Amino acid sequence: MIAVLAAAGLAAAACAAEQSGGTASGAASGVTGTSIKIGGVLTKTSASGYSTKDAEIGAKARFERANAAGGVHGRKIEFVGAEDDTQDAAKGDAAAKKLVQKDGVFALVPVHAPNFGGAAFLEQQGVPWFGWATGPQWCGTTTGFGYNGCLAPKAGAGSQTWWGRQMADLLGGAQGKKVWVQTSDSSGSKYGGKTISQSFEAAGFTLVGVDSSLPAAAPPPDWLPHVNKIMATKPDVVVSVIAGTKFNAGLYAGLKKAGYQGVLTDATSYDANILKDPAQAQAFEGVIAAPMFEPFESTAPEIEQLRKDVEAVAPGTQLTQHLAIGYWAADIFLKVADQAGKDLTREKFLSVANGTFSYENAGFGRIAYPKDHDEPNGCGALVKISGGAFQVAKNMKCFDNVPLKP
Amino acid sequence: MIGYILSGLVTGAIFAVLGSGLTLSYAATGVFNFAHGAIGFLTALVYYELYAGLGLPRWIAALVAAGLFAPLVGLALHRAMFRGLAGAGETAQIVGTIGLTIALPALGLFLVELALPLGLAPIDVSVQPRGVGPAPPALFDLGIVTLDSDQLITFGFAVLAAAGLWAFMRHTPYGLRMRACVDRRGLAGLRGIDPDSTSALAWMLSCLLAGLAGVLALPIVGLDAHAYTVLLFASATAAVFGRLRSIPWTFAAGLGLGVVTNLVAGYGSFLQEITGLRSAVPVILLFLGLLLLNRSRERVAGSSAEDTPPPDYRADLPPWRRRLPWLAGLALLLGFTFTQSDYYVGIVAQGLVLALIFCSFVVVTGIGGMVNLAQASFAAMAALTCGWAFSAGLPFIVAIVLGVLAATAVGMLVALPALRLGGRILTLATLALALLADQVLFQIDAFSNGTIGWTLPAINLGLGTTTSPQVRVVLLLVLIGLVGLLVRNLERSASGRAILAVRSAPAAATTSGLSAARTKFLLFALASAIAGLGGVLYAISKGATTATDLPAFAGFVWLAVVVLQGVRRIGGAVVGGLIAAVFPELLSAWGVSAHVGLILFGAGGMILAKHPDGVLAQLAEQRYRRRTKATAGSTTADTTAGATVDPLSAAPGVPLRRVGETVYGGARREASGDQPSPLFELQGVVAARAEATVLRGVDLEVHAGEVVALLGANGAGKSTTCAVAAGDVLLTEGRVLLDGTDVTTWQPHRRARAGILLAPEGRGVFPALTVEENLRTWLPDPAPVFDRLPLLATRRAVPAGALSGGEQQLLTLAPALVRPPKVLIADEPSLGLAPRVVEQVFQLFTELRDKGVALLLVEEKATEALAIADRVAFMRLGRITWTGSRSEVDGERLAAAYLGVS
């Protein structure tokens, strides 16, 4: 009986193998005379509700435009869509293996999953992967390409200053202005607090506190002690380095309840969903969000193009941060593939990308590999939430990085 | 400071409400519900959909969700699962409710997904749920602290819930019955309280509280199943401080926890250096609470902590036939490995890595009978240590050994409290440690290298490296084989037998000189070494390891997967590992929603409630039944007598079946005309206790208005006879008649309601209930008792446990005076009482006899009983040796009866 059970399971797996066996062996590296096979890994669903699924539409929109224009050196992009890692490192690893070994893709675009677990496998197999390099698993690799560089540089490598400098420009100078950086109690968030504190200090702000007392797993049921600590230092700017709208909504509501009058800024609130609910839009009123791409409200022609591309594949789609990340990751991949020339192999692709690749675009600033395998590209914009709508406060601009203190 | 305390009380209110529900269900049913938070989440989800999807006003939505939906969920779960789990043993209970924790939110989200066309609101990151109050919340400045309307509503409802719960428990008959069940479950049945419907009520109430807390917490934590699990851990801390028994203490502890959390957040900046320490405060308190408050707690009534192993259904098969399925499976697996593509072999290799880790459950849970929820942390510990040592420049093989040793060391550390704790307390302690490891230990950057983690090379085995999945499969099969041999030797060796002895009867093992502590220690160390080895291989086959690769929660899921297959054999671990790796792959290949996988997984918990030993044992049992049916059909018509080896009847742990009227045909003896038929009668009763036959054919009858004294030496079977009469012990043969009606299959509470009242040995009182409440369990109005026994009237508000022995015995029997039963069975009523009190007690018996009650007095000391008895029965070695009228009893006969001289 047990044997039957085991056999049934294995037979089912074997069946699946036969179905896809043809494609896997026929195009081992994902490139044929007429096509390049691409797939992605996203956190489409997760226990916390965090989802980057829009990146799939973004990448698809960009690939469709390339295909409409005749493809890359005559090869159409065959985009098989994105796997869901459910924010589970093991699932991300399994998804990467499935795409490479079973589906036989050439590269992984977009990879946009905060807890992505397939990095070691992809690096070992020499498979390029493009996306948002928020975690250290991206950095220092030869195959992981963050669309705006590596956002988790090691000590000594370059760390961004754009957020502080853009903010200083917006507020008319940083002299004498006090900044409080709020993180949650996890290594990742504490690390973010360090780089962002440095960014504001580099811009001339006075750092009055970096606090990591917020629980990481779920928002604190009571914000009072956290808010009191912030209010005691009378900051002019509060930077929130905590992931998730729920956390930020709680923090901002608490601060406003306590009478805070200064500036609130974070990296995640450039999200149309926040404005859907009037009560919530009110809680975020005045918040300055810091996206790492040119805002959709911009008049830049690249953004106009992005709108058109998205409209062509999915009419009526709400433009979101994740969509933009998928779009720009695909854009950079296409640029490298184009430069790699007619005889496309992974080796060729990687040697071009890691040679002296450099690319500027108003959409995301600039990118240069291999330098940006180790540090961020140093570009960002500011968007203000005002009257229930987003307004561009500062357009995309790039600044020099400074070495990250240990 | 006062501001923090006030506002902390509001937070604590949520912990308090959730924790009270947890304590209530645990105390009343013996099942610790890990899914308590998940029920809160589900209720919150229903609330959200009712107002956001269907457009109901929010307060109506809250009322329907918490007041109607949540209790119905409780009732449904009681029917489908908890009822079965209560008797299923600890492992099955824990796994069953953990399965629910995973399945319930998935089920909710899946149904919402399906019902989106009906107008429900989609659940995604944009969801920003609102509380019952105004949005945005109105602010109230209380001088010291500003609270918003949501906070005030939360606190208000918590106070309301506390007051309501108090009133319900103290002032309604339902509450009284529930408290009686919590106090002495067995006795409650004897008093006509149906434990099953009381359990159902407890689950409904508990889920109502979970639902209330879920709706109240919604605007704070959002629609996030994970956040509700975090809330559950905090409320578990509160429940532990209430000793898992006292609802008021749980409530107070919940409030206190809110305050402490606030104070630590406000003043604990000095803890900042250690990442995670401050958020881990509830977990640390949980661990301390378990160590300090719950050390020597007895087993909770109504739950069986011992998991008796299932009979070996394959004992009649030759060895080659027993091994055949596994050899065939192995051959198939190897064939698969060398013919299929890397991708599929990789999945099998992943499954085998999990299988190796799962083998550690076989050691600690399957053999040791302890449930360890920290197994994933052991694996992570080993993987991280190995990575750390390798990057520090040590040779790879040394790093691997260090990793395994580190896991072993942590296992021993965990075993230390395990020596003192038992059962669920141990399980909760391992849970606390697993969470601590996740939140504090693995957050130390020097150890886990931050979020980067460590990279690991492949092992070169000469013939190939572990980058090849084929090599991994072979390596893992060899390792699992070795672990299998180890487990087999462990079970057969002297130490193995010692372990089994400790497991099945800890007290007996200790008295026979076996060290429970040492065997537990050994098992924990061994299991963590195996888990550590698995963890290292997990990391090596992935090529890297980070602190988040093996989260604590994975350990819970693993346990569930293994137990579902069968935790007593390595085979269960292997099948479990393969299923854990292959199943998600199949689901995604067939394009089935990931929710479905989780739901199926939870459904496994319900299977477990019926078949606690897992799928493999169940399959073996089914095959066995088919086999015996076939042989029995060919040899003899009598299935049980025909089979020579019959584990179903010979094996321990299989419930003894009540034998209905068919055996005796109901025509054993017609009452003859001149003699009135007995009011109460035992016919040919055979019964066993703890697998040893105690009664070997007892016939006994008692007539109305008659006192029968049942006398006999210690161990004759007198108390078992009482228990059989009351329905506490099941019969293997024979029947019990009340007034001519066959009541053999009736539950104790039903017999009690029909008029069979047992005053059990010791005292038949609920010690935690007051005198008046004790009386109310049998009488609607206790006033007449107080008139008759003024002594009790003066002590009506005193807990019965504080009364003297004599007072307790009077309290036991007094209700019978006011509402006389048909039959009163008194087991050793004079035991340990002063002569004066004994006199009083027997005065009561005389009074009852005069009211026409049939009395069965069971005594070891004959004197008093003989004084009022009409007839006497002597009992010896499970049989009635002599029955006759009082006048025929003389000293000689007495001596013969007690000394066994015939």
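Glycine too: its Cβ is placed from the backbone N, Cα and C atoms.
Curation does not apply to TrEMBL; its annotations are automatic.
According to TrEMBL, the protein carries these features:
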{"type": "TRANSMEM", "residues": "B:6-24", "note": "transmembrane segment"}
{"type": "TRANSMEM", "residues": "B:60-82", "note": "transmembrane segment"}
{"type": "TRANSMEM", "residues": "B:94-116", "note": "transmembrane segment"}
{"type": "TRANSMEM", "residues": "B:152-169", "note": "transmembrane segment"}
{"type": "TRANSMEM", "residues": "B:200-221", "note": "transmembrane segment"}
{"type": "TRANSMEM", "residues": "B:251-270", "note": "transmembrane segment"}
{"type": "TRANSMEM", "residues": "B:324-341", "note": "transmembrane segment"}
{"type": "TRANSMEM", "residues": "B:347-364", "note": "transmembrane segment"}
{"type": "TRANSMEM", "residues": "B:371-390", "note": "transmembrane segment"}
{"type": "TRANSMEM", "residues": "B:396-418", "note": "transmembrane segment"}
{"type": "TRANSMEM", "residues": "B:425-444", "note": "transmembrane segment"}
{"type": "TRANSMEM", "residues": "B:552-583", "note": "transmembrane segment"}
{"type": "DOMAIN", "residues": "B:680-902", "note": "domain 'ABC transporter'"}
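When the stretches B:6-24, B:94-116, B:200-221, B:251-270, B:371-390 are ranked by Cβ pairs under 8 Å to the transmembrane segment (B:152-169), first place goes to B:6-24.
Long-range neighbours of the transmembrane segment (B:6-24) within the same chain, counting only residues 6 or more positions beyond its ends whose Cβ lies under 8 Å from a Cβ of the stretch, are 32-33, 36-37, 40, 142, 144-145, 147, 151-152, 154-155, 157-159, 161-162, 165, 202, 205-210, 212-213, 216-217, 220, 231-232, 234-239, 242, 244-247, 250-263. Listed by sequence, the residues of this chain that lie at least six past the ends of the transmembrane segment (B:552-583) yet keep a Cβ under 8 A from its Cβ atoms are 34, 91-92, 94-95, 98-99, 101-102, 229, 309-310, 326, 347-348, 350-359, 361-362, 365-367, 371-377, 431, 434-435, 437-438, 480, 483-484, 487, 597, 601, 604-605, 607-608, 613-617. Proximity of distant same-chain residues to the transmembrane segment (B:94-116), defined by a Cβ-Cβ separation under 8 Å and at least 6 residues beyond the stretch ends, is recorded for 31-35, 37-39, 41-42, 45-46, 49, 77, 81, 85, 88, 122-123, 225, 228-229, 371, 373, 424, 427, 556-557, 559-560, 563-564, 593-596, 598-599, 601-606, 608-609.
Averaged across the domain 'ABC transporter' (B:680-902), pLDDT in this predicted model comes to 84.
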